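First the structure, in the form of structure tokens, and then the observations on it.
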Amino acid sequence: MGSSFKKLLSSFTTHDDRRLVMCGLDAAGKTTILYALKVGKIVTTIPTIGFNMETLEYKNLLIAAWDVGGRDQLRPFLRHYYTNTSAVVFVIDSNDRDRTSDACDQLHTLANDEMLKNLPILIYANKQDLPNALTLDEIKEKLDLSKLDEMKTKWHLQSSVATTGDGLHDGLQWLSDVLKPKTDLKQPILETMNDYKSMKNDLLSILN
């Protein structure tokens, strides 16, 4: 009987391991976001050459997050980090109006990649605190997000300020909901009841 209750308890505490890849142009704030989520504070960063990898725990998810450098010369090597990926996190600098076209190209290259196609995409519209930042409606248009709808890709555009943490956990909550494992929470309860009935029948057979 005790083992049955352990099954029931573990069903609510077991984490679902997921792997995310975080992309975006250089200086968009990817590394700042990664470490803000990891340690809960701002860490002084330098431009990423190659990648950073951190493990994050959020509710039902245990996430291995890859922050891949956004420099042009690194983009051909991005696909090395796509294996077993469950979702894409894309970061755009809302204040960088001159490179929205480049950001759009990179986002749709990711969305159309055979290794990432049909995966959910969380888009952080970062640096929303700056006075010249594009609005979410403007970013939605600049990134041509309607094309993702046509592809039936799940996506979410999240306003964020990496330096204060604003919006970061809201984005993770969306991912947590989208990636939630499709398990039947009734099953452990049914197993417990069946174990109880079996033990009861065994006991009655002994007494008889």
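Just so you know, glycine gets a Cβ as well, placed from its N, Cα and C.
According to TrEMBL:
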type    : residues                                                                                      : note
BINDING : Gly24, Leu25, Asp26, Ala27, Ala28, Gly29, Lys30, Thr31, Gly70, Asn126, Lys127, Gln128, Asp129 : GTP binding site
BINDING : Thr31, Thr48                                                                                  : Mg(2+) binding site
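Geometry remark: Lys127 (GTP binding site) versus Thr31 (Mg(2+) binding site), CA distance 13 Å. Ranked by Cβ neighbours within 10 A across all protein chains shown, the binding-site residues Lys30, Lys127 are led by Lys30.
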